[in-house]
Amino acid sequence: QNEEKWDFVLVSNIHEMGSEKEIKRKKFLDELSKKGFTIKKIEDTKLFYGVRAPQHIFWKYQSLLTNPDSRQRNSSAQQDVPVTTRIRVVHFILQNTVTSDLEKLHDLMKKKVFEAAFPLHKKEEITKILKKKWARWRVLFKEQPIEEIRCYFGEKVALYFAWLGWYTYLLIFAALAGLATITAGAIVFSSSQVSKEICDANNTIMCPLCDQNCSFWVLSDTCTYAKVTHMIDNEATVVFAIFMAIWATVFLELWKRERATVATNWDLYTWDEEEEELALQLINNPQHEPRLYQHSYFRSTIVLILALLMVLVLIGIAHALVIYRAVAMALFMQSEVNLLSKHADVIAVMTGAVLHYITIIVMTKVNWHVALFLCELEKPRTFSQRENSFTVKIFIFQFFTNFSSLIYIAFFLGRINGHPGHYVRIAGHWRLEECHPSGCITDLFIQMAVIMLLKQTISNIMEYLIPLISHQLRKKQKPPKKRSVMLGEEEEAEDPCKKHWLRNYELNEVNVFSLFNEYLEIVIQYSFTTIFVAAFPLAPLLALINNVIEIHMDAIKMMRLSRRMVPRKAKDIGIWLQVLEAIGILAVIGNGLVIAITSDFIPVQVYKYMYSPCARENHTSMDCSTGYINNSLSVFHIQDFEPHTKVQPEFNGKQIKECRYRDYRNADDYTYTVQFWHIFAARLAFLILFEHVALCVKLIAAWYIPDVPQKVKNQILKDKHNDLRNGLSTAEYSTEV
């Protein structure tokens with residue numbers, strides 16, 4: 001039975017005898033044989049080579065990496081290497097075995113000498129447990145068997161699922177808070193004084209929304225829109241934004257505690273990645289000299305410049321989307337189709353959001369190649385250094401890809417478009433879009449809703465269907481039955497390994513980035529959940545639903561649809577923790593800006609306390625925001641329109657001399673009023689106050705929740721004490737002898 005345990009399988013096409021590929025393959029396998037590897041060959045439509053490492057390699061590994069004091073000399077301790085460690089060691093040796101032509105497995109795979117190399121999914125007790133408790137849809141709300149995941153896929157994968165599970169669990173609180181905010185908005189605020197005024201404004205005539213074919217319109221037409229806006233733009237949102245800033249901090253602090261517990265249970269505190277890498281290099285080749293750390297300012301400068309160029313390209317794409325929306329708006333407005341011209345603004349925003357989603361998909365592929373190229377320029381020393389450097393770059397690129405359009409909608413839309421009679425135009429022709437009369441926050445809400453829903457539905461379906469279909473297709477390409485049967489010879493007994501290896505080969509390929517992709521997807525989703533959450537309080541709920549499905553989808557992919565990942569060891573989730581902390585700070589800034597700049601919260605407060613009837617005399621009975629809408633609209637005289645604006649000066653049979661538009665400008669010379677500067681000052685003051693309060697609360701939360709639980713600290717303390725005590729008694733015993 002022991003004979004049939006193979007660590008790795010190499011797959012190769014059947015090459016002609018004496019061909020270059022066949023010679024290269026033979027050289028590589030000979031090198032492995034020299035190192036004492038057992039190799040078994042099975043021929044089918046492809047050649048399969050089973051590889052088993054000799055036991056002495058693992059003994060060396062154990063003696064190099066165990067603590068010298070606790071080294072036990074008996075051989076029973078030497079037998080027990082976990083399967084995950086075994087696969088990791090064999091994988092390292094396979095990747096670093098050099099043939100006489102100075103080629104490694106990586107080069108041979110590029111030259112198509114070998115097609116694949118993978119560890120096998122074993123039929124063990126643990127696989128049954130994982131398939132039953134984890135990799136199926138029925139156990140959607142059950143706890144994950146993290147310990148079993150670690151024993152099968154290694155610490156790195158287990159930490160990813162532990163982190164994802166923890167994040168999903170804490171999302172429940174954020175989702176409930178978001179739902180409460182929306183519910184409060186729907187019940188209390190959508191019928192607020194401000195939306196009442198918009199709905200009653202039958203006589204407030206607004207300026208046309210485009211230059212040609214657009215008539216004047218009445219403010220009360222936007223009644224429903226106003227109600228939706230006040231459902232998200234109200235006092236509750238401010239509280240929710242502060243709550244989310246605290247939530248992001250608490251989530252990270254609690255994760256650090258969770259991680260510390262896990263790291264102690266799995267005995268990861270003493271493990272050092274660099275030490276393991278050096279040990280494996282020496283086991284593979286005792287003459288190995290370590291590659292030294294290098295740093296070149298010239299290289300770093302080039303990488304920095306290229307990264308900035310890439311970011312500028314991404315911002316340029318956001319500009320292109322802005323231009324699309326301005327042009328689309330103008331064209332829809334002039335359209336003959338009534339539906340298009342009536343809802344031009346909403347349609348322009350919706351199609352803009354879909355277009356944005358498409359650019360996200362395309363640019364993700366581009367960003368990937370650019371980030372890899374920049375990584376190669378840096379020449380990092382170790383695998384983990386390369387991974388960290390790649391993570392930071394790809395995250396920055398993806399962040400700009402996903403958020404530059406949202407940043408424009410949140411902070412620039414409607415602030416840089418001029419005023420009637422003097423509009424800012426693209427190429428001197430198309431007017432920039434304006435915010436809706438009831439505020440800009442709804443545009444942001446629509447954009448985020450469309451992108452999050454599309455990202456989560458389409459991307460998830462693709463992520464599951466593509467592996468599923470490709471697995472089915474690979475299964476279909478079954479080889480024909482052996483020739484020997486046709487020749488009438490007796491068929492030899494089928495090798496039991498053959499079926500098993502073929503089944504593993506039919507599964508989808510995995511690579512170094514398989515897990516990385518999952519992290520990136522969740523971290524970008526975390527950005528959506530925290531950064532502009534004030535404009536879209538449903539984000540945590542969508543993220544929660546997505547994650548519950550995501551966990552099991554990933555599990556099914558890993559267990560049933562993909563080859564086994566090479567288990568990697570890790571102490572924590574690596575550089576992703578710093579990325580998440582950066583997002584936490586961006587979230588405070590982002591939400592502060594959304595409330596200060598995008599929402600109407602500040603203008604309403606300024607009006608209440610400085611310009612409303614309440615400010616002039618004590619009206620306890622009336623709502624202080626009465627008259628706000630009239631106050632927030634400026635007057636424009638029709639004779640001041642630009643010459644090429646074609647407008648009928650009649651509306652509902654009346655001659656019109658003036659119309660209203662959303663801004664704080666004087667009626668005679670269209671300069672800003674004093675109230676505009678009051679609001680501007682209040683916005684800045686609020687922003688500074690909000691950010692300082694939120695950051696202070698974050699710091700207090702970070703201080704209040706210790707990173708490492710007392711239990712773990714005490715455990716480490718006891719272990720150190722016991723080791724020293726044992727060392728002392730050994731020393732005393734040896735001096736007595």
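Placement of Cβ uses the backbone N, Cα and C atoms for every residue, glycine included.
What TrEMBL records for this protein:
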- 84-146: domain 'Anoctamin dimerisation' (DOMAIN)
- 149-718: domain 'Anoctamin transmembrane' (DOMAIN)
- 166-189: transmembrane segment (TRANSMEM)
- 236-255: transmembrane segment (TRANSMEM)
- 301-327: transmembrane segment (TRANSMEM)
- 347-374: transmembrane segment (TRANSMEM)
- 394-413: transmembrane segment (TRANSMEM)
- 523-552: transmembrane segment (TRANSMEM)
- 573-597: transmembrane segment (TRANSMEM)
- 680-705: transmembrane segment (TRANSMEM)
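With pairs at least 6 apart in sequence, the transmembrane segment (236-255) and the transmembrane segment (680-705) have 3 or more Cβ pairs within the 8 Å limit; the two touch.
Listed by sequence, the residues of this chain that lie at least six past the ends of the transmembrane segment (523-552) yet keep a Cβ under 8 A from its Cβ atoms are 134-137, 139-141, 144, 161, 164-165, 167-168, 171-172, 174-175, 177-179, 181-182, 232, 237-238, 240-241, 244-245, 247-248, 395, 398-399, 402-403, 406, 410, 441, 444-445, 448-449, 451-453, 455-456, 460, 576, 579-580, 583-584, 586-587, 590-591, 594-595, 598-599.
Nonlocal intrachain contacts for the transmembrane segment (166-189), taken as residues 6+ away from its ends with a CB within less than 8 angstroms of a stretch CB, comprise 230-232, 234-237, 239-240, 243-244, 247, 250-251, 254-255, 258, 522, 526, 529, 533, 537-541, 543-544, 547-548, 551. Tertiary neighbourhood of the transmembrane segment (573-597): same-chain residues 159-160, 163, 237-238, 241-242, 244-245, 248-249, 252, 255-256, 259, 384, 387-388, 391-392, 395, 410-411, 415, 441, 444, 519, 523, 526-527, 530-535, 683-684, 686-687, 690-691, 694-695, 698, selected by CB-CB distance under 8 Å and a gap of 6+ residues from either end.
Same-chain residues lying 6+ beyond the ends of the transmembrane segment (236-255) with a Cβ under 8 Å from its Cβ atoms: 163, 166-167, 170, 173-174, 177-178, 180-181, 184-185, 188-189, 530, 533-534, 537, 540, 577, 580-581, 583-584, 587-588, 591-592, 594-595, 599, 601, 690, 693-694, 697-698, 701-702, 705, 707. Secondary structure of the domain 'Anoctamin dimerisation' (84-146), assigned with DSSP and counted as helix (H, G, I), strand (E, B) and coil, comes to 32 helix, 3 strand, 28 coil. Note on the domain 'Anoctamin dimerisation' (84-146): mean pLDDT across this stretch is 87.
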